[in-house]
């Protein structure tokens, strides 16, 4: 069983490396596109013609595929927290390739992520051996997980239909809460789909069961909903704030859902569970420190008529017969003054 965990760990690390690299490669492509046309931040689409941006997209797709396969071989409580590795990769590459200086506290954040990830891997639970989608279906319809699904859907509907219209633009936890709760159900569905594909490739066709198609429908619906509200969160709030909060909530809900559905912690000792939770808290702390120390991108000015520093020109004659010379000095902003001529009557 631990060999399957090792495969999942390797795939999760590869996924983090590819996804973290894709952020930097795509940003380089966006920068090149901005030099030759309208930047993407103000509505430009020139980056679609940049080969470097497409290389970044392909890199990200490869990373997501590796992450998808990792869920087949290892429990979600192992794979999901390792997503913080992509943050480390992007921060280090940004330091060398984009000139975004990695502060000393940022280095400490990277170190905390590595230490926490190592602790999670060393105390990760064993992956259950499943031979059919029907077994996964039985896990999905057990009373405890049905209660989780009902609670998650009720909370999601409350956030979507009541909180989002009223507080979505001012409270960051509304959109991210929706993404995190729905995201936990997404991971459970994706894991079931991945196992179905693996078993089918091994010769046992799992797509003859309607349960497999239910997992697919649920997975696609959750992914669309998740991406929609994640984009709304990124469009409304600062990325440096969204990323650590989303990572914390999404990982927490995913670990909870996986623990209920797959009983990941069944048979583990209290010390192992406590060590893994400590590892997760360490990774969370490192992620928060890393994001808080990153400098935000400078704002892009979209005003064509940028204000210029006014200059005052003086014409003077040195007094030694030389021609008049001009001298320029910086001055305060000029005010338009209307001068009217008045007749003075005695």
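Placed from the backbone N, Cα and C atoms, the Cβ positions cover glycine too.
It should be emphasised that the depicted structure is a prediction, and the values quoted were computed from it without experimental measurement.
Matching 136-160, 286-310 against TrEMBL, the residues noted as transmembrane segment span 136-160. Record note: among 209-229, 314-334, 209-229 is the stretch given as transmembrane segment by TrEMBL. Transmembrane segment is the annotation TrEMBL gives to one range among 109-130, 241-262, and that range is 241-262. Using a cut-off of 8 Å between Cβ atoms, the transmembrane segment (241-262) and the transmembrane segment (136-160) share at least three residue pairs, counting only pairs 6 or more apart in sequence. Using a Cβ-Cβ cut-off under 8 Å and counting only residues 6 or more beyond its ends in the same chain, the transmembrane segment (172-197) has close neighbours at 68-69, 71-72, 76, 80, 130, 133, 136, 140, 149, 152, 155-156, 159-160, 163-164, 206-207, 212, 215-216, 218-219, 222-223, 225-226, 229-230, 232-233, 236-237, 241-242, 245-246, 249-250, 252-254, 256-258, 261. Same-chain residues lying 6 or more positions outside the transmembrane segment (136-160) and placing a CB less than 8 Å from one of its CB atoms are 130, 174, 177-178, 181-182, 184-185, 188, 192, 195-196, 209, 211, 215, 253, 256-257, 260-263. Between the transmembrane segment (79-98) and the stretches 6-25, 52-73, 209-229, the greatest number of Cβ pairs separated by less than 8 Å involves 6-25.
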